[in-house]
Amino acid sequence: MNDSEVVVCRLSHRPGRDDRMTTHVGLTARALGADRVVFPDNATGSAETVRDITDRFGGPFEVELSGETKALVRNWEGTVAHLTMYGLPVQDVETELREAVAAEPLLVVVGGEKVPFEVYDRADYNVAVTNQPHSEIAGLAVFLDRVFDGAELAQSWEDADRVVVPKETGKKVVEPDE
Ligand SMILES: C[S@@+](CC[C@H](N)C(=O)[O-])C[C@H]1O[C@@H](n2cnc3c(N)ncnc32)[C@H](O)[C@@H]1O
């Protein structure tokens, strides 16, 4: 679906307190069209959960752990978009972002605890999904939907061992090609 690789970087992780949020950053990145998520190396449980979901519901989607998420941002060869309530409104930069992702890899940075100034400084785009405080998961979902212009909602999944069949009522899950 993507022209170039789209990678989501969770900048920091506080074990215990951030477990669910970090896991959901990964699940949202996968479901809404990113190719890969990078978690800090203390987020092992979140990485395991997202890999397990990918094994069951399909990919391609990669999960990586890194001891150097800030260095990943600093040294990224491509476009860096940092999600922050202090940035430019996503609706004002979405066209430029689509052009950028057509040309080169995009790193989408979401914070947790306080984000250092060097990330704001390195970012090619500091992007706000409203200029109100809310959550990295909500911000990431709206951001990816704008970048992919809705195409991610209809993506297909490979190597799934289960497929959800949409139903007006109730739940139906089948094996592929069933
Ligand atoms: C709950 S906030 C905490 C921010 C942290 N206290 C700080 O000072 O940087 C965690 C992350 O959610 C994301 N976020 C929160 N509100 C946002 C908004 N309006 N637009 C884009 N991203 C947002 C940002 O990536 C932020 O780093």
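Every residue gets a Cβ built from N, Cα and C, even glycine.
Feature annotation from TrEMBL assigns S-adenosyl-L-methionine binding site to Leu83, Gly111, Gly112, Glu113, Lys114, Val115.
Known features from TrEMBL, placed on the structure.
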residue : record                               : contacts (Cβ under 8 Å, 6+ apart)
Leu83   : S-adenosyl-L-methionine binding site : Val108, Val109, Val110, Gly111, Val127, Ala128, Val129, Glu136, Gly139, Leu140, Phe143
Gly112  : S-adenosyl-L-methionine binding site : Arg10, Leu11, Ser12, His13, Arg14, Asp18, Met21, Thr22, Glu136
Glu113  : S-adenosyl-L-methionine binding site : Ser12, Arg14
Lys114  : S-adenosyl-L-methionine binding site : none
Val115  : S-adenosyl-L-methionine binding site : Leu11, His82, Thr84
8 Å Cβ shell about Leu83, Gly111, Gly112, Glu113, Lys114, Val115 centroid, S-adenosyl-L-methionine site members excluded: Leu11, Ser12, Val110, Glu136
DSSP-derived structure type at Leu83 (S-adenosyl-L-methionine binding site), helix or strand or else coil: strand
Gly111 (S-adenosyl-L-methionine binding site), number of other Cβ atoms within 10 Å: 17
Max pairwise CA distance, angstrom, over record-listed S-adenosyl-L-methionine binders Leu83, Gly111, Gly112, Glu113, Lys114, Val115: 13
DSSP three-state assignment (helix, strand or coil) for Glu113 (S-adenosyl-L-methionine binding site): coil
